[in-house]
Amino acid sequence: MQLFWHRRDLRTTDNRGLAAAAPGVTAVDGGHDQGPVAAVFCFDDEVLAHAAPPRVAFMLDALAALRERYRDLGSDLIVRHGDPAAVLPAVANDLDATRVVWNHDYSGLATDRDAGVRDALDAAGVAHAQFHDAVHHRPGEIRTNAGDPYSVYTYFWRKWQDREKNPPAPEPEPADLAADTALADTSPLPSVQELGFAEPEAAVPDAGTAAARSLLDAFRESGDIYRYEDRRDYPHEEPTSRLSPHLKFGTIGIRTVYEAARAAKSDADTDDERENVAAFIGQLAWREFYAQVLYFNQNVVSENFKAYEHPIEWRDDPAALQAWKDGETGYPIVDAGMRQLRAEAYMHNRVRMIVAAFLTKDLLVDWRAGYDWFREKLADHDTANDNGGWQWAASTGTDAQPYFRVFNPMTQGERYDPDADYITEFVPELRDVPADAIHSWHELSLSERRRHAPEYPDPIVDHSQRREDAIAMFERARGDE
């Protein structure tokens, strides 16, 4: 018998490690005869220490769906809680398993954990194998001609799109899996509270492969994929896939998403439609670019990627930070985004850029404070993606927004939410206010603002002044002053 250790790959289809372990599947590892596979998931306290209620709730829902799928296949999911370096050798011993298989993860925490598991399995005399599954191309596979990892996305993308991609891996057959009667006690799944977390305040999206597949199919069949590039920045329309939490937890495989996009591109009727699909595929490449940046620069989780001559003089402003978190800044598009985050454990991507730019360039607050808040509230928080996005907005990251380009939150709102539909969905105080007044809120007199929406706050900063302050702050950090 073998064990397959699930982590952020909570699915049975298009799972390269699971397919490689399955004796009857030859597409990934060429086939072997090392016995049927028993699936195991381990709640790791070190990983849970970095979790938050929305993601824990989503993960538990995904695990319930995964367990149900294994039961449909005549097997089950073994659930344990503890240090994987102790749990996996013990489960292997209980089941007389001779090999443990899992998929690579690329964060510093994951690579350290996996090294400890390998050492423990070696000491127990249990073989092990790992496979690349979460990305098409493992970190370091795509490099510059000089052999260095890319730090500029455009050049990475050019090579990424030309590389051959693996097809989706097949799901194991029931005969490939350990029968449920042969498994040790599988244990019930804990609740969010039993894992030490409060119930999430947000409405967490449905998890599981069926939910992910439904989203992907709807993205194609509705035609949204053919409008993706043209309309993705408009939060009220949002022709996006909403697959981000599913890719985070691996309830759908990256190859499945890529193949669906390729098929849509092949079926496109016009060059414009093909360009829209290509833009979506480009976002899949961004995900792998940031995974590579993190893999080779683990310090970016807490440090600027880009070195400045002097420290950036971020402001310690708890009141401004709290107003930003609460969606009470007096900048409507910013407040709508922050309130969507609380309500849905999600925020539209364009609005993520706007609120990140506002925190770092208008409030002059360190990007790490915003990153930490997103990590606490997002169901789709991914260390590499979120860190890359925050450092891009803060002009501290790889291939980042130039420091002198400062988003104007009012013009951003007017451009991407012209009728204020998104804003008024999440900021009810403004629902009876005309769109032109919402987009000129900062220019209205105090009496006009009180007449339109007495409960909505005044702008907490003057954008024009803070733009100058932000540029000066970065010029001092650069040593220009």
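Positions of Cβ are set from backbone N, Cα and C atoms, glycine also.
Record features, source Swiss-Prot:
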- 1-136: domain 'Photolyase/cryptochrome alpha/beta' (DOMAIN)
- Tyr228, Thr240, Ser241, Arg242, Leu243, Ser244, Asp380, His381, Asp382: FAD binding site (BINDING)
- Arg232, Gln412: DNA binding site (BINDING)
- 283-290: region 'Interaction with DNA' (REGION)
- Trp314: site 'Electron transfer via tryptophanyl radical' (SITE)
- Trp367: site 'Electron transfer via tryptophanyl radical' (SITE)
- Trp390: site 'Electron transfer via tryptophanyl radical' (SITE)
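Features recorded in Swiss-Prot, as mapped to the structure shown.
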| residue | record | CB count, 10 Å |
| --- | --- | --- |
| Tyr228 | FAD binding site | 25 |
| Arg232 | DNA binding site | 22 |
| Ser241 | FAD binding site | 24 |
| Leu243 | FAD binding site | 20 |
| Trp314 | site 'Electron transfer via tryptophanyl radical' | 17 |
| Trp367 | site 'Electron transfer via tryptophanyl radical' | 23 |
| Asp380 | FAD binding site | 22 |
| Asp382 | FAD binding site | 23 |
| Trp390 | site 'Electron transfer via tryptophanyl radical' | 27 |
| Gln412 | DNA binding site | 21 |
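Counting residues of the domain 'Photolyase/cryptochrome alpha/beta' (1-136) by DSSP class, helix then strand then coil, yields 59 helix, 27 strand, 50 coil. Residues Tyr228, Thr240, Ser241, Arg242, Leu243, Ser244, Asp380, His381, Asp382 are the ones the record ties to FAD, and the longest Cα gap between any two of them is 22 Å. Here Gln412 (DNA binding site) is positioned 22 angstrom away from Ser241 (FAD binding site), judged by their C-alpha atoms. In terms of Cα spacing, the recorded positions Leu243, Trp314, Asp380, Gln412 all stay beyond 10 Å of Trp390 (site 'Electron transfer via tryptophanyl radical'). Under DSSP, the residues of the region 'Interaction with DNA' (283-290) split into helix, strand and coil as follows: 8 helix, 0 strand, 0 coil. When the Cα atoms are compared, Asp380 (FAD binding site) and Gln412 (DNA binding site) turn out to be 24 Å apart. Of the candidate recorded positions, Arg232, Trp314, Trp367, Gln412, the one lying closest to Asp382 (FAD binding site) when CA atoms are compared is Trp367. Gln412 (DNA binding site) and Tyr228 (FAD binding site) have their C-alpha atoms 19 Å apart, to the nearest angstrom. Under DSSP, Leu243 (FAD binding site) is assigned to coil, being neither helix nor strand in the three-state scheme. If you take the Cα of Tyr228 (FAD binding site) and the Cα of Trp314 (site 'Electron transfer via tryptophanyl radical'), they are about 36 angstrom apart, rounded to a whole number. Cα of Leu243 (FAD binding site) to Cα of Arg232 (DNA binding site): a span of 14 Å. Mean predicted confidence for the region 'Interaction with DNA' (283-290): the pLDDT average there is 95. Secondary structure from DSSP puts Trp314 (site 'Electron transfer via tryptophanyl radical') in coil.
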